[in-house]
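**Student:** Here it is, the structure, as structure tokens.
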Amino acid sequence: MLQPDIRYTKVRWLLTIAGVFLYVGDIWTDIVLAVKYFQEDQYVWTGFTVMFILIGLLVTQIFSYAWYWDDLNDPLLNPEGKKEISDMSKPGLVVLHAFGFGIFTRYAIKITAFMRPQEVHKKLFCVATDLSMLKLFETFLESAPQLLLQLYILLGHNEILYTCLSVAFSFCNIAWSLVDYRRCLRRSLPYIREMPSGLPTAIYLLYKIFTITSLILSYSLLLILSIYTTVALTVLWLLATIWTHLLETKFCSSRSLEFLYRAVAGVILTFTFFNVKGQDTKVVMTTYYIFYTVINIMSPSLMALLKPELQTSTLLLTISGLICGCSVLGLVCLILYYVHLHLRRVQREEDEVDDPGKETKSLARIKNFLKP
């Protein structure tokens, strides 16, 4: 059961179009950069740029195909037991995902369904929820690492034009994916109020942008200080993945896919806090942001101590100021959102009973890892 306000409005349709352009623009700028680096004989930068594009693309196609397969066996989305889902056969799905068109297919379904009946709109929110999750995965597997790489190149090697363009698209894609993910998941859960437009959405967006920006800038400074920071980042990812595994998440229908999800969650936790399993996160979130604050203090401090010639550098002072400012603003927005603007459960009717058998697998995935 979804929330009552379930119709795709013209604004939501336009936002979907904008999401497509951001997604395509982000990948296109990264491809242009990879070609540019290759022409300049910068093969290491080329390799990393292409690697992040391919990892994000591959993982999202795997999840997208698996979820389409789940939908084929879902009695709510496929009550007649057809061998097609969204007018696509199983071989067609294989071909589409093999060529990387899984996300584009989901976008096409949302865009072309704008004028369909209300009941179809209800099912579309399940499609929208899956799409928002896939975009979240793609964002932190491709856009966030790409942003870190391009900032390292920009700050350490003075590569300007296309690098700045790639950085701008990555920032926009990250911000868009986070807000779309948050709003879509809350909208899909029947007893959680949808995140209102306006101030709550703006504060949540600012909280995520400021905290992620400061952390990525800190990572960039540490990478400039020593390339072996990549080892430390890998250790952070492994620790986050192990922690996710110890929580025994149940997000996916298969064990192998669940391990992949836990690895993806580890990547996301490297860049921002993520409620891995539907549980009370107050203590965990506090611990995470204490560690986050330590990193943001440590990175400019180490840069100043180990490279004293840069202590009066305009670049170091600017980046340090941005890290400090974004850290403070991010934490302020975090507290403001969760104390004053975070909406909880809506009131249930007294005689209403949950029936897990009457929810789609898309909603089951949401309930398995999100708790208000």
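For all residues, glycine too, the Cβ spot is worked out from N, Cα and C.
Because TrEMBL annotations are produced automatically, they should be read as predictions rather than curated entries.
This is the feature table in TrEMBL:
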type: TRANSMEM; residues: 12-33; note: transmembrane segment
type: TRANSMEM; residues: 45-68; note: transmembrane segment
type: TRANSMEM; residues: 88-109; note: transmembrane segment
type: TRANSMEM; residues: 160-181; note: transmembrane segment
type: TRANSMEM; residues: 227-247; note: transmembrane segment
type: TRANSMEM; residues: 259-276; note: transmembrane segment
type: TRANSMEM; residues: 288-306; note: transmembrane segment
type: TRANSMEM; residues: 315-339; note: transmembrane segment
**Student:** Between the stretches 45-68, 227-247, 288-306, which wins on the count of C-beta pairs under 8 angstroms to the transmembrane segment (259-276)?
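**Tutor:** Of the candidates 45-68, 227-247, 288-306, 227-247 scores highest.
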**Student:** Can you name the far-off residues of the same chain, 6+ from the ends of the transmembrane segment (227-247), with a Cβ under 8 Å from a Cβ of it?
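**Tutor:** Result: 219, 259, 262-263, 265-267, 269-270, 276-277, 279.
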